[in-house]
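For HIS101, HIS466, the entry in Swiss-Prot reads Cu cation 1 binding site. Summarising the annotation, Swiss-Prot assigns Cu cation 2 binding site to HIS103, HIS141, HIS521. The Cu cation 3 binding site annotation in Swiss-Prot covers HIS143, HIS468, HIS519, and the record cites similarity to another entry as its basis. Under the heading Cu cation 4 binding site, Swiss-Prot lists HIS463, CYS520, HIS525, citing similarity to another entry as support. Taken from Swiss-Prot, the feature domain 'Plastocyanin-like 1' covers 53-165. Taken from Swiss-Prot, the feature domain 'Plastocyanin-like 2' applies to 229-295, supported by sequence analysis. The feature domain 'Plastocyanin-like 3' is assigned by Swiss-Prot to 424-536, with sequence analysis given as support.
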Amino acid sequence: MLRRDFLKYSVALGVASALPLWSRAAFAAERPALPIPDLLTADASNRMQLIVKAGQSTFAGKNATTWGYNGNLLGPAVQLHKGKSVTVDIHNQLAEDTTLHWHGLEIPGIVDGGPQGIIPAGGTRTVTFTPEQRAATCWIHPHKHGKTGRQVAMGLAGLVLIEDDEIRKLRLPKQWGIDDVPVIIQDKRFSADGQIDYQLDIMTAAVGWFGDTLLTNGAIYPQHSAPKGWLRLRLLNGCNARSLNIAASDNRPLYVIASDGGLLAEPVKVTELPLLMGERFEVLVDISDGKAFDLVTLPVSQMGMAIAPFDKPHPVMRIQPLRITASGTLPDTLTTMPALPSLEGLTVRNLKLSMDPRLDMMGMQMLMKKYGAQAMSGMDHDSMNAHMQGGNMGHGEMDHGNMDHSGMNHGAMGNMNHGGKFDFHNANFINGQVFDMNKPMFAAQKGRHERWVISGVGDMMLHPFHIHGTQFRILSENGKAPAAHRTGWKDTVRVEGGISEVLVKFDHDAPKEHAYMAHCHLLEHEDTGMMLGFTV
């Protein structure tokens, strides 16, 4: 533990006398300290600056070019307050265009930062908005169509912390970087010379880009020393394509207190916590026993994601309790969730997620050729059979029965298996259509609830489906009632071979030029067409 960290703890906890407790055992030097992003707050005139730039980072002793917001890698934690307007100047110092999307924020389309909110290379974009939503852990990342996966892989991601009066009154752990700790989890693949090795090709367009190295806040298997008592972890799955399943190595429980859009009604006790790409959960864990343990991710049954070293529980970070104790608590109740309104007479939108069968077949072949049988480890046999037959399926894989034909582009469908030129950049679909930035698929009405029915039937891939401009409630997830910790405010829902239904409402405008997006948050699916724009 570095001296400055030690002083930070001593000052924060008022324990100058803790110095003699510095033992070699407690602060084993072999693990890097968990990097803690700086808090970025608005200045006296309610402004803040974000600079998108290239830098250098070191992984396993090798230097790599990385991208970050206000630094070499990742970014600060942007602190916002409910009801308080903020102006953000975003300077793009990269040699290519980017955008900055406020993931999870309920703000107008013009400031949402989707693929239309281009910040040119060397240019600046200024956005002003007022968060009117409840306290939540959200995030920022790029959203340049066709390049989102690469720009995120290069390191662009940062947390957004929305605060409000309600959460301040709860006695939750709230000492930033001490007992209130951000945990941004990402996998990376590196080339032999240590550079981030990103490709968008047929294999990654099918299963996503995944790596064999896990980073936590940009460090490999770091350690965090925290005071005994309740430790609050703000978990973000910042991976391009890998779903996670978070647990404690000694099986101690995690108490989920918040999902994407804020507090749950009451804590939910779990021993493992699946985390889809783009999702956030806040958990409290009791470390008052003083025993060190690892936060780990358990193997998942997702195509290609149980390849070593992820075929076994894999450490995310080490948690080392200190001898001093912090004062945060786990409340019995957290907030009041509004009752779900009647679903009678609501506009229903049917969205069907699918992949060109040729991409499915060729992607699987490349995956098997590269990784052999372990590419399929953890997959159940039904999924595997569906994939293996995928290449011969042609139109059979498309389930026309459940489709909302109004959104279908039958021309594009007709080309699919009739000698149409295959282009993997346009091989993932919603309602049979590839994303078109200039053609929003529909117009939602402001302030009105809608029921969205999102189907992955006939496609066994995992699709974490994310909707911009809203925090919704899950009515059913992949054909089942949502788990208790997924009944709160969400912006991402699991679609995996089944049907999920969500209740959405949009309280801000999104004109055609700055439409909201709805898309798969497996970034390579998004970049190759599985996205739609809609207006409000």
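Using N, Cα and C of the backbone, Cβ positions are placed for all residues, glycine too.
Listed in sequence order, CYS138, TRP139, ILE140, HIS141, VAL160, GLY278, HIS466, ASP491 are the same-chain residues six or more apart from HIS103 (Cu cation 2 binding site) with CB atoms under 8 A from its CB. In the structure shown, the C-beta of HIS143 has more C-beta neighbours within 10 angstroms than that of any other entry among the binding-site residues HIS143, HIS521. Among the binding-site residues HIS101, HIS463, CYS520, HIS521, HIS525, the ones whose Cα sits within 10 Å of the Cα of HIS143 (Cu cation 3 binding site) are HIS101, in sequence order.
Recorded residues HIS101 (Cu cation 1 binding site) and HIS525 (Cu cation 4 binding site) have their alpha carbons 18 Å apart, per Cα-Cα distance. Residue counts for the domain 'Plastocyanin-like 3' (424-536) under DSSP, helix first, then strand, then coil, are 14 helix, 45 strand, 54 coil. Residues HIS101, TRP139, HIS143, VAL152, MET277, GLY278, HIS466 surround the recorded Cu cation 2 site, their Cβ atoms falling within 8 Å of the Cβ centroid of HIS103, HIS141, HIS521, which are themselves excluded. The Cβ of HIS525 (Cu cation 4 binding site) lies under 8 Å from the Cβ of ALA205, GLY208, MET355, ASN428, MET461, HIS463, HIS519, each of which sits 6+ residues away along the same chain. The DSSP breakdown of the domain 'Plastocyanin-like 2' (229-295), given as helix, strand and coil counts, is 0 helix, 42 strand, 25 coil. Residue pair HIS468 (Cu cation 3 binding site) / CYS520 (Cu cation 4 binding site) shows a Cα separation of 11 Å.
Other residues of the same chain near the Cu cation 3 site, with their Cβ within 8 Å of the Cβ centroid of HIS143, HIS468, HIS519, are HIS101, HIS103, ASP112, GLY114, PRO115, HIS466, TYR516, MET517, ALA518, GLU526, MET531. Under DSSP, HIS143 (Cu cation 3 binding site) is assigned to coil, being neither helix nor strand in the three-state scheme.
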